[in-house]
Amino acid sequence: MLNKQDLLNEAHTMLSKAYVPYSKFPVGAALLTKSGKLYTGCNIENAAYPVSCCAERVAIFKAIADGEDEFIEMAVIADTERPVPPCGSCRQVMSEFFKGDMIIHLTNLKNEVKTVSMNELLPFSFQPSDLNKN
Ligand SMILES: O=c1ccn([C@H]2C[C@H](O)[C@@H](CO)O2)c(=O)[nH]1
Ligand SMILES: [Zn+2]
């Protein structure tokens, strides 16, 4: 059974896989499913800058494409002064697939870890249910 430290280690390993010729800012992510499977991600940039994809979304999209839909824990790491805060786009994607009590560990290379729930990361988020007025 994978624990928090395993997740943090897997996310750290992904820093070396990041494709970041433009920002030179590698980010790593690791996502644990309820069934115990691990999906990893790194940021992948593009010469057309906005086409780039963050590490968090790469991990989530890999898992969704593999048929997974129940997640319990995620770790994200970057070389930041404070534990790395996910961008707004990733928070929205996370809120589509993660329950409110999903655990997300944000960390940096100084081993500072800030653990937040999905609800704390993006309160009052636009949800699929908001599309249905009736
Ligand atoms: O939480 C974050 C924040 C940024 N990035 C990426 C996007 C871009 O490739 C680079 C600089 O913003 O870092 C992530 O992958 N995750
Ligand atoms: Zn992002």
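Glycine is treated like the rest: Cβ placed from N, Cα and C.
Features of the protein shown, as given by TrEMBL:
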- 2-129: domain 'CMP/dCMP-type deaminase' (DOMAIN)
- Asn43, Ile44, Glu45, Asn46, Ala47, Ala48, Tyr49: substrate binding site (BINDING)
- Cys54, Cys87, Cys90: Zn(2+) binding site (BINDING)
- Glu56: active site, proton donor (ACT_SITE)
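Where TrEMBL records a feature, it is marked here on the structure.
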residue: Asn43; record: substrate binding site; DSSP class: coil
residue: Ala48; record: substrate binding site; DSSP class: coil
residue: Cys54; record: Zn(2+) binding site; DSSP class: coil
residue: Cys90; record: Zn(2+) binding site; DSSP class: helix
Scan Ile44, Ala47, Cys54 for binding-site residues whose C-beta lands under 6 Å from an atom of ligand 1 and note them, or write none.
Cys54
Pull the DSSP breakdown for the domain 'CMP/dCMP-type deaminase' (2-129) and write it out as helix, strand, coil residue counts.
44 helix, 33 strand, 51 coil
Cβ neighbour count (within 10 Å, all chains shown) around Ala48 (substrate binding site)
7
On a C-alpha basis, identify the one among Asn43, Glu45, Asn46, Ala47, Tyr49 that is nearest to Cys87 (Zn(2+) binding site); the candidates are the binding-site residues.
Asn43
Under a threshold of 6 Å between Cβ and any atom of ligand 2, which of the binding-site residues Ile44, Cys54, Cys90 are retained?
Cys54, Cys90
Asn43 (substrate binding site) as reference: those recorded positions from Cys54, Glu56, Cys90 with C-alpha within 10 Å of it
Cys54, Glu56
Out of Asn43, Asn46, which has the highest number of nearby Cβ atoms, where nearby means within 10 Å of its Cβ, if these are the binding-site residues?
Asn43
Once Cys54, Cys87, Cys90 are set aside, which residues in the chain still have Cβ within 8 Å of the Cβ centroid of the Zn(2+) site?
Ala55, Glu56, Arg57, Pro86, Gly88, Ser89, Arg91, Val93
Looking at the recorded positions Cys54, Glu56, Cys90, whose Cα is closest in space to that of Asn46 (substrate binding site)?
Cys54
For Glu56 (active site, proton donor), which of the binding-site residues Ile44, Glu45, Ala47, Tyr49, Cys90 has the nearest Cα in space?
Cys90
Of Ala47, Cys54, the binding-site residues given in the record, which has the fewest other CB atoms within 10 A of its CB?
Ala47
